[in-house]
Amino acid sequence: IVFRAAQERSDIEIVAINDLLDADYMAYMLKYDSTHGRFNGTVEVKDGHLIVNGKKIRVTAERDPANLKWDEVGVDVVAEATGLFLTDETARKHITAGAKKVVLTGPSKDNTPMFVKGANFDKYEGQDIVSNASCTTNCLAPLAKVINDNFGIIEGLMTTVHATTATQKTVDGPSHKDWRGGRGASQNIIPSSTGAAKAVGKVLPELNGKLTGMAFRVPTPNVSVVDLTVRLEKAASYEEIKKAIKAASEGPMKGVLGYTEDDVVSTDFNGEVCTSVFDAKAGIALNDNFVKLV
């Protein structure tokens, strides 16, 4: 997904990939995707490296990032997407290998700073290793910021109805640490934990301790939804809340926070470029201080 997204941009050039998979299989996985469809371009393998749209991409299979020699191919930024090197100490091996910056594609497991577009990019001070947090935090944080900036959040609970992920089981199987997580993904709605809401407190310190949440894993292949229920400091009608979110989506958060009043369902957001889209018709208010946002 990182590769496909980068290919859509003229200001990003992918020069190298490190994976324990062989190049032929990597080419196959890039060409064909059950969720996002076929790759829009040419993909070949030559001398163990990928040739994508006529450009060579170096392929390596190093287990230790320190051995990657990123400087040989002029790497500026590494997208650390293995899920294995989520601390400053381990991710710094990419810097040792010659990269200038590292972006972790999941929440860090130490105090590596997290940055979410639409929430705290303005706080970035040039750190060479950062986390982009989780997909759920990227969905929740921009919305929470708009609501807190305009109306003030006293406290809130979040539920994410989350699409199936690759870590789940196709049928019931052993899962010693998470018994429910070992149940068949296509057969069940599975309650699960998530640190996404608490992580919002790291990117928006003013909300630290005010949000927590949980997840339900559901049998859909892609697209998840966040249900945010909050108590507001400043009373506001649901229409006023919608107006504030729409203004943000057309102004400072354009391209990050979307807004729709259409009768949409989850598959309508497959390939969505915004990290968060507010569904204006799906939310409800109990009163002017207690509201559920989707």
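Using N, Cα and C of the backbone, Cβ positions are placed for all residues, glycine too.
Swiss-Prot annotations:
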ACT_SITE  CYS135  active site, nucleophile
BINDING   ASP19, ARG63, THR105  NAD(+) binding site
BINDING   SER134, CYS135, THR136, THR165, THR194, GLY195, ARG217  D-glyceraldehyde 3-phosphate binding site
REGION    169-188  region 'Disordered'
SITE      HIS162  site 'Activates thiol group during catalysis'
DSSP three-state assignment for THR194 (D-glyceraldehyde 3-phosphate binding site): coil
Least Cβ-crowded entry, counting other Cβ within 10 Å, from the recorded positions listed as ARG63, HIS162, ARG217: ARG63
Largest inter-residue Cα distance among SER134, CYS135, THR136, THR165, THR194, GLY195, ARG217 [record-listed D-glyceraldehyde 3-phosphate binders, Å]: 16
Cα separation, THR105 (NAD(+) binding site) to THR165 (D-glyceraldehyde 3-phosphate binding site) (Å, whole number): 15
Residues near THR194 (D-glyceraldehyde 3-phosphate binding site) in space but at least six apart in sequence (CB under 8 A): SER134, THR136, THR160, HIS162, GLY213, MET214, ALA215
Neighbourhood of CYS135 (active site, nucleophile), C-beta criterion under 8 angstroms, separation at least six: SER224, THR275
Residues that sit under 8 angstroms from ASP19 (NAD(+) binding site) by C-beta distance, when 6+ apart in the chain: MET26, VAL59, ALA61
C-beta crowding around THR136 (D-glyceraldehyde 3-phosphate binding site), within 10 angstroms: 23
Tally of residues which DSSP labels helix, strand or coil - the region 'Disordered' (169-188): 3 helix, 2 strand, 15 coil
